Amino acid sequence: MDTIMPLPTHFYTTQQLKQGEQDAASERGLELFHLMERAGQAVFTIAFAQYPTSHHWLICCGGGNNGGDGYIVAVLARHMGIDVTVWQLGDPEKLPADAHRAYQQWKELGGAVYAPQSEVPESTDVIIDALFGIGLKEVLRPQVVPLVELLNQSGKPIVAVDVPSGLCADTGQVMGTCIKAQHTVSLIGLKQGLVTGQARCYVGTLHYAGLGVEEVFAQHNTPSLVSIDGKLRHSLLPPRQACTHKGQNGKALIVGGNEGMGGALILCASACARSGAGLSAAMTHPDNVTAMLTITPEVMSTSWNKQHLFEERIEWCDALALGPGLGRDAQAQQIMQRLSSLKVPKVWDADALYFLAHNPSYDAQRIITPHPVEAARLLGCEVEEVEQDRFAAIRQLQQRYGGVVVLKGAGTLVDDGKEIAVCLQGNPGMASGGMGDVLTGIIVALLAQKIPLADAAKLGVWLHSSAADLNTKSHGQRGLLASDLLPHLRELLN
């Protein structure tokens, strides 16, 4: 996700923000109007920094306190010599007290207020979206939709106040239609709905302004979401001892790659070997063994039809990855039955999740890594329901299946039953085949190195997304392959 300055690592719900804003202001001895002034100042400062040569701003104000923030921006922009046009949705005389006070300041400057027009003024350089704030829980009213569409189609850059209008700040769901902002300025506390799912298409570059009350707010509110910190790798992966040997660095077993699906296993095994496992082994369909030995000679690859070797590998491994290219035939089902109860840390993906959906089980030693379609199958619901509230979906998955859940997608989430974490790294180039197989390989390598389940899942997701970001910085997003991530893993791990 695009940011300019490092963001805080904690995110909150709208309920926390609504009450916490008042409490923090009170504890600081501030009127809520003074907090509104600070909000407007923050939005103006960030917008002007992004568009310093702009001359004409269109500020769109709604009927709540978000609109009041917009009027403060209008006053500040006018003082800077910027031409300002204000569009007000609804009657400004019915604004809440603090927002009405801001409106009066604008009027005292001689500022005009207009109802939304059918066209955006041609001279507009910047649009400020102060229509709807964090309180939006319902689909936008039909009479508002044309305005949102007009602003989106104008081709003008949009800076959203706190949250793009039309986006649910708790879930990231688009409530019918939504402002597509180039920049969003989140105030006091970052909202959890800004960083996952559909929100990633609408927020643009995310900025944060604490308004001088962030410390007080944080003292009284437990985050509903935390971001994954890449510094985690330094504590989890300390420098290796000079006398270490491969057996001490973890033994990972990967089972998958049915007939015609060997590529998934090759990607997974390659990622495992590149992620620091001391020894990596694979059990696969006999058709894939030669390719595995040729492409990844570091991985000990054997046919899963050799039953005695299969059993030896099961006893040998420190961690298991099950599912990449496994298939859904009778043999795959037998393998699932044999390995389901294995008492080692494990990560299940792809076809393993298909079998899990049809034969649910709870396992505290397992990581599952569904994408939204797989998550919907595991929950017995529609994909749209998963994407409408990814937080609710991942909580249900963790409660039903245990262990750690990684809900993949834009703004991947990780839930260990204690907290939910989000990955801010990653980019649209990752929407290509084989990416999930690489993630599974990374995670099983970390598990084999005795990293706890939750930490392995979080660090694995961060490494995976960060490797993709490193590659696309040099080569662009379109055409990114899962195998392109492999060289960067070693760099990030060290």
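Each residue, glycine too, has its Cβ placed from N, Cα and C.
Features reported for this protein in Swiss-Prot:
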- 1-221: region 'NAD(P)H-hydrate epimerase' (REGION)
- 17-219: domain 'YjeF N-terminal' (DOMAIN)
- 65-69: region 'NADPHX 1' (REGION)
- 133-139: region 'NADPHX 1' (REGION)
- D162: (6S)-NADPHX 1 binding site (BINDING)
- 229-494: region 'ADP-dependent (S)-NAD(P)H-hydrate dehydratase' (REGION)
- 229-494: domain 'YjeF C-terminal' (DOMAIN)
- 371-377: region 'NADPHX 2' (REGION)
- 408-412, 427-436: ADP binding site (BINDING)
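Here the Cα atom of G436 (ADP binding site) is found 33 Å from that of D162 ((6S)-NADPHX 1 binding site). Under 8 Å from some Cβ of the region 'NADPHX 1' (133-139) lie the Cβ atoms of residues 14, 17-18, 62, 64-66, 161-163, 165-169, 175-176, 191, all in the same chain and six or more residues away from its ends.
When the region 'NADPHX 2' (371-377) is classified with DSSP, helix, strand and coil residues number 6 helix, 0 strand, 1 coil. In this structure, the binding-site residues T412, S432 were compared by how many other Cβ atoms lie within 10 Å of their Cβ, and the smallest count belongs to S432.
Looking at P428, G434, G436, the binding-site residues in this record, the fewest other C-beta atoms within 10 angstroms of the C-beta turn up around P428.
For the region 'NADPHX 1' (65-69), the DSSP-based tally of helix, strand and coil residues reads 5 helix, 0 strand, 0 coil.
Taken residue by residue, the region 'NADPHX 1' (133-139) breaks down under DSSP into 0 helix, 0 strand, 7 coil. Of all Cβ atoms in the protein chains displayed, 26 besides its own lie within 10 Å of the Cβ of D162 ((6S)-NADPHX 1 binding site).
In terms of C-alpha distance, the listed binding-site residues K408, T412, S432 place T412 closest to the residue listed as '(6S)-NADPHX 1 binding site'. Just so you know, of the binding-site residues A410, M430, the Cβ with the fewest other Cβ atoms around it within 10 Å is the one at A410.
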